[in-house]
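Trainee: Take a look at the following structure, please.
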Amino acid sequence: MLGFLKRPIVVTAEVNLNMVSLTVASLLSRLWCLSYPRAVVFDEVYYGPFISFYMNRVFFLDDSGPPLGHMLLALGGYLGGFDGNFLWNRIGAEYTKNVPVWALRLLPALAGALSVPMGYQIVSELRFSHCAAIGAALLLLIENALITQSRLMQLESLLIFFNFLAVLSYLKFFNVQKHSTRYMGIFTYLLVLCVAAIHAWHLIGDQTLSNVRVLCHVFARAVALVVLPAVLYLLCFYVHLTLLYRSGPHDRIMSSAFQASLEGGLARITQGQPLEVAFGSQVTLKNVFGKPLPCWLHSHQNTYPIIYENGRGSSHQQQVTCYPFKDINNWWVIKDPERHQLVVSNPPKPVRHGDVVQLVHGMTTRFLNTHDVAAPLSLHAQEVSCYVDYNISMPAQNLWRLDIVNRQSDRDTWKTILSTVRFVHLNTSAVLKLSGAHLPEWGFRQLEVVGEKLSRGQHESMAWNVEEHHYRTSQEQRGQELELHTPMKANFSLNLSFMARFLELQWRMLTLQSEEAEHRYSSTPLDWVTLDSNIPYWLNPRSSAQIHLLGNLVIWASASMATATYVLLFLWYLLRRQRDIHDLPEDVWQRWVLAGALCGGGWAVNYLPFFLMEKTLFLYHYLPALAFQLLLLPLVLQHTWDHLCRTQVQRGVFSALVVTWYSAACHVSNMLRPLTYGDRPLSPGELLALHWRDSWDILIRKP
């Protein structure tokens, strides 16, 4: 029974020393002097405030993508004990003692370092040679731009890491039929999904597999590549919204309901408000669309000009606008047309869907009005005003029908914050709408409000919601103003569900258009391939030491040539196969196609979409695409050796050229090292010697 004790227990482990060596070398290259410089470097000024928001639990919105990258940066700060107190106001600002620079830069550096051995594994899983795998890893190891970017508090190295992780996970799944997958980067995810779909289609046509086995294959891919990513995506936002529960500077672009679900801010202002809007309620009306700015229905004593600049006339009545700031002139009274008083009755009479109301401006007591007069800027629409009686046969047209857009039934009551409503003009059927145009100086650059005909369709710019709400009980002006600062006894809870907040956040991220000015160091996608641009990241204020985002010219040019070579060879082989000429064995052809789909496709999906983006672009946006090119480059070299060099002489010459080329790449990498790490000052002569292109901006201080 205890016979197994008569033999020694032996544990056998395989250690890939090449992987270990590559990992150690990449860690050294990325972690060495990581806290230098102890100053804000280029886009750290952009990502730093988000980290502070996480530390202080303050809500923010960034339209660059899901918050996973920001959370990982914040995790480094949390582990390092960062309290979030630092003013990220300028590039080059010295970090204070409370900022754990090393910890904040650690996770991007680790991601950049681990991408090197992952590159090795991806090439190995593609069934290419050990030399090709080492070649890919070494290119990732010495490329200067990848080193620079991964040593800073920025997201590109994290994106490359998750891109590689997605590809490697699927390859391992495909090769050994085990489940393991994650993703980061929608385009790389879609690429892997397409490759998986093609593989699944071939499996369906495989007659050697039973129906049950085929279903298992398809189900496993669906779970790994559809269900699990969706769950991870939701989980990412769940953590994000759970952590950021306090109001902050970004929540003003969210809906009133979203803002009221955050601690402080609007939640503090609206605490104790009545839920149901009644006749006599005093309210502020926020436009749901909020473009180009979140704003509230507003009026003031100033009137429209009698004659506009183009000679066209107006009604000369009181201006009605949408104002992007809290103001006493944003308050309106919801009046019952059949009742003279402007106070809430006892008991309050709630306003329901379909009721006819009048909106009375709280400070001037004039009625919201629209009529058949062209709006100041939107000539196809009607002017909206507060009615002034000039005794010129222009009667008031101030009756509006309430339309609750998100009603559950036609008897729904109008609710504070929760109800989205439209105001339909009774006489002309025009709908109260924010046009989004800025009025001239006579309108104080406020946003134009118009009456839009229903026939032109419905839009969020026609929708409004009550944000602040008081039951008006005083007819006197002074008493009204005091009521606005008196808390109400009634209260209601407004806790939005996670899915409601998640869906609204997705919509805001998709539609948010940040006003980005042209940047001095911005560039175009065409500049990236030829490395016509660089970015000065940091300049030592006391010496000529500096850090640049600058790629290795030899590697970048070779990567582009390898991509072009692959495409030409693929098309050549495909054309000949159509003529039933098979230059490659079937298994080699399948491996060649898969390598191109993942590596060449990875370059394409991470590069080509930038041609369609209307945003300020920088050289670092190309790095994820470049990383895939660096995987493809050694594959093309191996293919050339295996299938295009047919004699020993050709292979000998080709090997010598490859050694010479790689030596040149290492030499260039070493020459650019001072600009990669910024760890030593350079003389004007040394800086001039590195000014290889006229388009590069190398900073040379005059003595």
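Cβ coordinates come from backbone N, Cα and C, glycine included.
As annotated in TrEMBL:
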- 153-171: transmembrane segment (TRANSMEM)
- 183-202: transmembrane segment (TRANSMEM)
- 222-245: transmembrane segment (TRANSMEM)
- 274-337: domain 'MIR' (DOMAIN)
- 348-405: domain 'MIR' (DOMAIN)
- 409-469: domain 'MIR' (DOMAIN)
- 549-572: transmembrane segment (TRANSMEM)
- 592-612: transmembrane segment (TRANSMEM)
- 619-641: transmembrane segment (TRANSMEM)
- 653-672: transmembrane segment (TRANSMEM)
Trainee: Are there 3 or more C-beta pairs under 8 Å linking the transmembrane segment (153-171) with the transmembrane segment (592-612), counting only pairs at least 6 apart in sequence?
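Mentor: These two segments touch.
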Trainee: Would you mind splitting the domain 'MIR' (409-469) into helix, strand and coil residue counts from DSSP?
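Mentor: Here the numbers are 9 helix, 29 strand, 23 coil.
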Trainee: DSSP on the domain 'MIR' (348-405): how many residues come out helix, how many strand, how many coil?
Mentor: 0 helix, 26 strand, 32 coil
Trainee: Mark yes when the transmembrane segment (222-245) and the transmembrane segment (549-572) have three or more Cβ pairs under 8 Å (sequence separation 6 or more) and no when they do not.
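Mentor: Answer no, regions not in contact.
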Trainee: Could you name the stretch, out of 222-245, 619-641, 653-672, with the greatest number of CB pairs under 8 A to the transmembrane segment (153-171)?
Mentor: 619-641
Trainee: Taking helix as H, G and I and strand as E and B in DSSP, count the residues of the domain 'MIR' (274-337) in helix, strand and coil.
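Mentor: Per-class counts: 3 helix, 30 strand, 31 coil.
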